[in-house]
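Asker: Here it is, the structure in full.
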Amino acid sequence: MDGLHTELALGLIGCCGGDGQQQTAPFVAKTYQMVCDPRTDALVRWGRDNNSFVVVDPAAFSQLLLPCFFKHGNFSSFVRQLNTYGFRKVHPDRWEFAHESFLRGQTHLLPRIVRRKKRGEGGGGGGGASCSFGGGAGEHQVAAAAASVGMSGEEEDAAEDVLAKEAALFEEVQRLRHEQTAIGEELARMSQRLQATERRPDQLMSFLAKLADDPNAVTGHLLEQAAERKRRRQHLPSHEPTVCPLPPAPPPQPPQPLLALAGAAAMDGTYWWTTEHHHHHHHQMKPMTVLPSLEPPTASCGVHQVPELGGGGVMGLTTDGEAKVEPPFPFCLLGQAFF
């Protein structure tokens, strides 16, 4: 792990050698490492006399630092472990802990910090704190330390429970503070939205009053705003897809002439009408005038009865040789018509 203290990297957590040297407990070694690392002084640091350490920000300490060294981020569990190893809280208003063997730069004293045995484990101890050091000298030192503070085993257990409960309450208070902050921010946002909603009817009524008093001024103001928005859109790069212009529409088709009725033949652009003389039994071709269509090709058109030519005749178009007949109203207004 990066950032290990030099003394810890050199073997702060050692194994028992042949001379019976004890090893430092992993919890104690990791705690010493956290306190000694200058990069974590904003969260935890040494006390004024270098014989204690202070957790400056327990909430950030639990969230950022504890998970890097331990398998949890529970501050109350960390405090409970400190109590198990004989640390005590030395200041009522801040999280400052001390141990007689937890001193800055005195790494050779760390193996003396061991987990205390529960009551009933081990045979000695009398009224003192029952801790095991693996040697008579260590037991004597622990007993002397317990006697110096004047605490029995039951009192130490009670103090441990009180500190654990205090740490748990502190964590709960921190959680409630975070929730309160989040709720306050949400209420502020809702208040802003509510105020904006309440202002809209007043703005609408004011606009309607101005429109009723001077419609031209309001219309001119709206036109100015629209022109300003248009100028802004022209200056800003457009993110809308480019629309290709449509091709021009084809020119309209010229009107189609009426098709000749049955019996007419087209020659050199002039329709010819066939008349039949019943008496002489021969055919005669006369030219017919072609009139452009005045209505769409789908519309129906009428024809006029052509007088009999030489004793007989059929329905057809007007010939050039005959006098033009005046068409009825309203066709006479068009200048030319079907008849």
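Numbering starts at 1 and runs along the chain as displayed.
For all residues, glycine too, the Cβ spot is worked out from N, Cα and C.
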Asker: Choose the correct range: of 28-64, 139-175, 176-212, which one does Swiss-Prot annotate as region 'Hydrophobic repeat HR-A/B'? Give that range.
Answerer: 176-212
Asker: Suppose you had to name the range Swiss-Prot annotates as motif 'Nuclear localization signal'; which of 119-123, 229-233, 279-283 would you pick?
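Answerer: Range annotated as motif 'Nuclear localization signal' by Swiss-Prot: 229-233.
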